[in-house]
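Record features (Swiss-Prot):
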- H262, D294, D296: Mn(2+) binding site (BINDING)
Amino acid sequence: MTTQLEQAWELAKQRFAAVGIDVEEALRQLDRLPVSMHCWQGDDVSGFENPEGSLTGGIQATGNYPGKARNASELRADLEQAMRLIPGPKRLNLHAIYLESDTPVSRDQIKPEHFKNWGEWAKANQLGLDFNPSCFSHPLSADGFTLSHPDDSIRQFWIDHCKASRRVSAYFGEQLGTPSVMNIWIPDGMKDITVDRLAPRQRLLAALDEVISKKLNPAHHIDAVESKLFGIGAESYTVGSNEFYMGYATSRQTALCLDAGHFHPTEVISDKISAAMLYVPQLLLHVSRPVRWDCDHVVLLDDETQAIASEIVRHDLFDRVHIGLDFFDASINRIAAWVIGTRNMKKALLRALLEPTAELRKLEAAGDYTARLALLEEQKSLPWQAVWEMYCQRHDTPAGSEWLESVRAYEKEILSQRG
């Protein structure tokens, strides 16, 4: 530890102690908050089922930065490189299309054995795993419908895929000793004016009920469902709307997934957390950065990311909220994208933990909104960066932009060889 860091750390401890904050306790609490990194940033959501196939489902990865992962070994190596540069606890979020098999496997036939390497890798790296059925980029999703499909056989295919995915998820949870959160998102919807909005939702309701009909050990597996406002090609009608899934998660007591990019641009999920928590047992968050639409830009340390973190910490939702990331930028170094976004999420959590929330609550309850605003703004100038640097030091990761040197070296030695 450098003398400069020691001095900054001691000063930060004193400054935060003056407003009633124990920085050591804040760092202990930060170690209770894993962030689930998404594997699909590493290869632009290509997966290994059909890497040359087109990405469908109303989502899009833009850019053509060289060096994307082409197989599971490369993807795991890239993830390891990124994780070395991110302090504190982490998880990995997998999609079903990231299976490994020497022969083609139909999505309704995926089994834990197809993800054995991921499980062993996660155990070796002390990671939890989360999972997702992949209801997109497939011939049977080409017409824009999956779990709400009017064709019984096609709908059953996707039901069986989600059932098989639950078994994989439970396998991860059992093997790793931490529950896997399995999130169901479907692209189902219509491009133009829709006459019958009810029937697809009735089919989706029945399909989801069949998917989750078998009770699984909650210590191994957690079901989550995710809404969306619209997607490319489904601008006019989305079957799985916010109202649909809020009602579903409430009535079935599943987890509800809130994605930062899946709402109208004037809406923010930070404002939805406390409302949803009154009705559902758990939340899954997909922290992202929409720019005019759900374009999944790399997460910044911006107002909304901070507000999301503050909601989790202020209401002590550590055991009820699962923090995941969801962005895929193919225009920049993909490892850097992981590092930037994940570090920013963790910085936001740390800043929330360094807030004098009890004092702010007193001011709010007393109606002293002047002091509330003044203190909220003044705390932004407190030396939280020194606390972050100490956290990085203790986790043997670079504190500042030094991590970029490691990424550039990896790019030169490894990524540049991929063509």
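Positions of Cβ are set from backbone N, Cα and C atoms, glycine also.
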Least buried by Cβ count (within 10 Å) of the binding-site residues D294, D296: D294
For D296 (Mn(2+) binding site), the three-state class that DSSP assigns: coil
Three-class DSSP secondary structure - H262 (Mn(2+) binding site): coil
CB contacts for H262 (Mn(2+) binding site) [other CB atoms within 10 A, all chains]: 25
